[in-house]
């Protein structure tokens, strides 16, 4: 009888016929060893041409579609398709996986490339966004990611001659990317007029920033930078699919069949037309080329690879052949020779020699081929075609013999009879036709009866029968040649089959797994002699089963037998469905064909007993494991399953509510609470965790370790515990939020890792000495983390999740980074263990499996342990390593120890009766522990058991701390150390065993089962607990902390209560019974069973305890008389189960709570119902209060909570504090009574899920709490006020603002950066924009004698300064930013710093980072930001001098890290923030951006002495953060009682930070106080450090002195800047002398006796500490929009006027402000032609005229009610034009004096006025409006000019209009989203400068009548540019910027340079290189 085990025979891949040429390119290369590497299907192939051998990489699980070579040419990277595609990097010599890169792409990886050093890899995905990823490939980590393009990207490469430059190309695009930090920034290729935009397919590179791209048209485009420089036209006559650059030049391959070689300048060297060669054919397409030395490889679309020797290029040699694109189904093996034939949808039939792996002959037919068969002598080959016909060909030469067509549908199966007489042909018409060979294939029979298409057929040995399979899973039999169906079972049974290729029948039943579809298996072939059958299926797998292959029984149900597939061996390589498989005639080989991959695989068949040669080892491992896990082992049956293992396997850790949900609940609290509602305050007193009884042993293992100091670390509930056995004390790690399930220890025994349950469970790494978090690992697991282990070198941590696939993740735990991940196993993994000798190797063991893993980059390779004949498959419970890397030992579920050498089982032997749960190794031996309660010591070879220790009561030492409940508890953890054996048991005991076998109980707790019953003794520090584990336990709560008594109960217990005298204990059971026991002996006194459901609460009446109230889930409370032991009353009336009961002090009244939220009252002893009022209830003196309902505890309920969410409460004896336990694992303290909703509280963590009960001890000195599922008993010490504090409830939700109100703080708090839209118009306009208007075209011939039109603006040659001579003005060609006046102070802080030892300062304005040299006053700029910078930080580390970080606003804001000396970007950080980055700060060596509070955070700063600790301050909060790996751990600031203050300080809005030594932090508050914190606790308040908000603080690292800056009303006793000592006890004040009533300092910095001060009004000053003198360094406009700008007519000065209320006169040459005057909010300004007067238009509709010299008012007037938007002097100086928002222009005659009489005004203007320009004679004025209309008026009368001839003659003295034919070109295509706000034509009249709503300053030729004219653009303004003006000599351009939300205004000036553009078309503007726009 056939066995059901997997066969011992094996397959080894020997050869692959084919190459993937279609839909791929650049995928065949020479390696360094001159071998050829390529891919086909899912296999990477390395072909040694000289030896004619192939090696295979089988690490992919789907089609490979991309390949690239490492620069060293030995490593290969391949990318695949699939739902979760990955990239493998593998070694072409060893064929081993080096790295796996996962989770970076979707759908597929279409292109790959290494950088020139080989450290990084770039990849492109097949997703809709063509995602580009840059990888650190060795780590498998994504360094940067971005969306590549909206259409397909075909190629991507690192530029070998430019660092950090990547080029990608594809459908109608090419992009040039710069990699900086984690950001890829793109520049599109600029085609210009050199070439047309088209699809580019491939890339190559040359020196001097050259890039070559092959195009769809056959041209080669040559790029310099991102500009198209030239085109190599018609390089090919078809699409160029591949270019490769070498030292000798370039090689290209294209659709035109040609391979061309080019020199390094892309001049043609030679050409090879492959279609004209002997091996070639018409239509040959070259998809891949590679040039090395004298040889060129060419891969074709039809799956050939040619090798061309350049010297003999006319005779290329075909190295590889395969079928072309199209499905491959037809396969037949020659009956006598080692040949086989294949036929495909590519219309070709081919005959192959499997000995020398070559093609013998091929022929192309007219139709697709779907089946073929050799005649019995091999002379003829029958071929079935897709049109229903078949052909007979001669085997030699493939000439046609006959062509017959009897069917319409495809012929899918055909076979000759064994005697050669007949040919049977099966079609999709559901028939099999029989043809007589000798009668020239005359049809002699037909088999009918099938209801579906024919899939397989086989002949009997005597040629008298055939059996057929159909698509409807029918198996029929027919007699030959008549075709009559055979149904007689006996007749069928006696048939002997010549072949077996069908998939149906009892002999093949075992090949079908459970739930498989009929068409899943496509082909089989049986080898009768070796008793195996090979199959090919739709999953790309080739499998071998025993033959006959019988199903095995999977499991039995009551009425059915469920069967599963037989055991098998499986082999990967084909990517999709395997369509056919056949044994060779001598059965030595198997041939398989792939459908979609059209590849042919040739496997060597190794029968049982024949082992493989060593050279095949590399082919064994594949990346993917079996889909059918239980079908892969060699053994068919499994050892018996132990009940404990089965129970553990079934444990479900899912929760209805997780702790993670608390964030949502907190948010709901804030939404639910009514605005302004006062909440009951939290209590001043607190709790501190003192001791925990319990150890998690029932479902965990190996979770108990010795530290180096002999302390013991373990876990229970959500607490990691460090236990000192000498002092009998505990320290706690309380960072977890749910049950800890696993624990491991670092090799140095100082760091612990623990994993927990959770929706998104975390792993915490923490320090055992101080119990502080070191790292938190998160985001990779689901449900929980069940196993973890540190690597041998301690650098990595491996974790296993509880998700369905039990995913394995390897972490760099210090950084918190995921290094690698993979699916572990479908069943539970119990242990993961690193190989201590090989840091990339792991083992996992679990249910029915052991796996050996190797980490490769971001993934793993794995293989199963091979049991062979040594043992049966077993559940593996534990694992450890021996003294060498290749030996490990596992403990089995049957008690055996398994010894593994490599991945093969060497031997096994019995060690325990029952499962061996624990194993531990030391240098001298091993220790094991089992379910049998025995601990065994073994020698160092695991050969001899040295000693056994049975855990029994008789072995316990005298004075041990506890009681052993029962002998031989199952051992779950065991460890050797410090001369002892440490043991953890399933029953939650921790014991220590000496060498002599003496045992000492150190700690213990309840066993598995919920724990609900808790009572404290009325007069002693003793507690009693009762649990579902059927035990009653008595605990000593003194420093002894031990279990002092115990009783085993008959039933699980749910409640317990002491009598008032403490002599009796009542215990309620879950079956409705209860028992009263004597507290001393624990012997039963009485027992009752009156109820059916569980007893939920039980209480003695006070005083003598005469009555006992027993509450049940039957909705009743029974009252018993204790003395008479009779039931005397029943309390009825509850509509649901009773949850809590309490007695009044007199013993007369009972209060009950029910599950229906009822609170009822009953009189004792009869149980009569009472209904007292709320006031009466409060007056009642309750003996105890454990209820959770009622208005006195309304505040304990969180919002939207269920009635069962709060499980228990307990009130102190003095009725001040109410403790509660809830379903979220929190113990909370409330002030009592907790009236009103949502009272504030203190909360304490430790319990994992629901806290089921809490009780105060007799003297309120301790609180005892118990956890339901976590089975732990926690003892909390009750501290005095301020002594010990819990996590206080958030107070930031209260509406009142502590510390008063400040307008500046309020404004900063509420500032909205979202409403600032980068491109929205700043002014509301109406009308048709100029670029959409129609102009009358006046065509002028290209060459014409007609006189050119006169320019409409008069050019001016200014008088040269001092000489009086006219000086010719040259054309302005270029701008370079030279100076920015301004500093962002109004909403930013701490953004002004000394750098370079105080010689320079760095700050920001608009989107520019600015470095100002203090001695020369020169500025330099960093201009890479795209929007407003709102924060800045300097790096004070000596290694990173002059490094600055700046953060901006925006939808996806960036943080730029840059060098202040070179202005180069060092890193770009992006993708972590939204809206904006409001604070940045460097640590000692890191940078962090802040996040983490519900309200605004103002500042985040690292402690200067720490890399991991930083502090954030903001609206009513301070938080102290620790960077723990990849997560942040936070502590809130705790406000304590301060001795010098009468009350505990309230939390204020905190604005600034400084640091002292020893973890001291100083924070500046809104009230002017400075709060001083030690760690996270308030220790002191510096009262009124300033009289207003303390906006900024600065810590001087050199001497520790602290500078503060605040808001102060100027006076003798107040100062806005103060210098303090290190402890902020003494200070020195400095006056600023700004002549303002209030000084508001927003930034301070200190260096070498100088203090730098930045104010809200955009001034910065420098204070000399010695003299106290304050000197103004520079200034700018304050808050408000800046529009007014005018340049002086004869000197390099200008005027600006802003909504900050000031007009300022500036000196450009000396870079300083000359004068300033407060005039009120201003919108426009102009300077008279003689330079003597300044006119300013005001926002209130008036205007004012000042004298330039004294800067005093000369006259003012207000004739309009809305703002003056434009004000202009006439060229004669006589008239002043004043344009308003009302659409009017008024003319004032200045010759009449300061009375400013209006001489006239213009009417009929639509829209507000934007500009006014006069004619040179001052007779006419052109007015432009916001409705995009321009009109010309006479001056001063204001009448409109309409005469066309006159209009044509008028020219203008200046041009500031954005309207008119002459400037149509200044309007961009995207002007619909924003306006061009301003324009100014240079005085030379040949260029016009503009400013727009996109923040750009642009330079155009003037005039520019063509739409979207070419221009140069300049950045620096963050948003709207409101005004631009050239200076009188065109030497400078001035520009003004504004911010929608009222930003500080900026004036910037740019020096114009008289020079031509460089030839490359690029411009340098400051540090930014900007392309010309064409």
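Note that Cβ sites are derived from N, Cα and C of the backbone, with glycine treated the same way.
Unlike curated entries, TrEMBL annotations are predicted automatically.
Quick caveat, the model's predicted, so the values are computed rather than measured.
As annotated by TrEMBL, compositional bias 'Acidic residues' applies to 1289-1303.
Summarising the annotation, TrEMBL assigns compositional bias 'Basic and acidic residues' to 1326-1346.
Annotation comment: TrEMBL describes 1352-1362 as compositional bias 'Polar residues'.
According to TrEMBL, the domain 'EML-like first beta-propeller' annotation covers 53-307 (among others).
The domain 'EML-like first beta-propeller' annotation in TrEMBL covers 729-992 (among others). Regional average pLDDT for the domain 'EML-like first beta-propeller' (729-992) in the model is 91.
Here TrEMBL flags 1486-1662 (among others) as domain 'EML-like first beta-propeller'.
Sequence annotations record features per position, and here TrEMBL assigns region 'Disordered' to 1275-1306 (among others).
Per TrEMBL, the feature region 'Disordered' maps to 1322-1367 (among others).
Beyond the ends of the repeat 'WD' (233-263), by six or more residues, the same chain brings 25-26, 160, 201-206, 212-220, 269-276, 280, 283-292, 296, 298, 308, 310 to within a C-beta distance below 8 angstroms of the stretch. Under the heading repeat 'WD', TrEMBL lists 233-263 (among others).
For 330-362 (among others), the entry in TrEMBL reads repeat 'WD'. Long-range contacts of the repeat 'WD' (330-362) within the same chain: residues 15, 17, 52, 302, 321, 323-324, 368-378, 381, 383-384, 386, 393, 395-398, 579-586, 589, 591, 593, 598, 600, 602, each at least 6 residues beyond the stretch ends and with a Cβ under 8 Å from a Cβ of the stretch.
As annotated by TrEMBL, repeat 'WD' applies to 571-603 (among others).
Residues or ranges marked as repeat 'WD' in TrEMBL: 1014-1045 (among others). Secondary structure of the repeat 'WD' (1014-1045) per DSSP (helix as H, G, I; strand as E, B; remaining residues coil): 0 helix, 19 strand, 13 coil.
Within the same chain, residues 1054-1061, 1064, 1066-1076, 1136-1147, 1150, 1152, 1154, 1162, 1164-1167, 1183-1184, 1186 sit at least 6 positions outside the repeat 'WD' (1088-1130) and bring their C-beta atoms closer than 8 Å to a C-beta of that stretch. Residues or ranges marked as repeat 'WD' by TrEMBL: 1088-1130 (among others).
Here TrEMBL flags 1244-1277 (among others) as repeat 'WD'. Residues of the same chain lying 6 or more positions beyond the ends of the repeat 'WD' (1244-1277) and with a Cβ under 8 Å from any Cβ of it are 655, 687-694, 696, 716-719, 732, 734, 736-740, 756-757, 988, 1005-1021, 1023, 1025, 1027, 1029, 1035, 1037, 1041, 1186, 1207-1214, 1217, 1219-1229, 1284, 1286-1287.
Secondary structure by DSSP for the repeat 'WD' (1685-1716): 0 helix, 20 strand, 12 coil. According to TrEMBL, the feature repeat 'WD' maps to 1685-1716 (among others).
Summarising the annotation, TrEMBL assigns repeat 'WD' to 1757-1798 (among others). For the repeat 'WD' (1757-1798), the list of distant contacts is 1683, 1723-1730, 1733, 1735-1743, 1745, 1805-1818, 1821, 1823, 1825, 1833, 1835-1836, 1838, 1853: same-chain residues at least six beyond its ends, Cβ to Cβ under 8 Å.
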Residues in the repeat 'WD' (1244-1277) grouped by DSSP into helix, strand and remaining coil: 0 helix, 18 strand, 16 coil
Remote residues contacting the repeat 'WD' (1014-1045) - C-beta distance under 8 A, at least 6 residues beyond either end: 691, 693, 728, 961-963, 965, 1004, 1006-1008, 1051-1062, 1065, 1067-1068, 1070, 1077, 1079, 1082, 1252-1258, 1261-1262, 1264-1266, 1271, 1273, 1275
Per-state residue totals over the repeat 'WD' (1757-1798) - DSSP helix, strand, coil: 3 helix, 21 strand, 18 coil
Composition by DSSP (helix, strand, coil) of residues within the repeat 'WD' (330-362): 0 helix, 21 strand, 12 coil
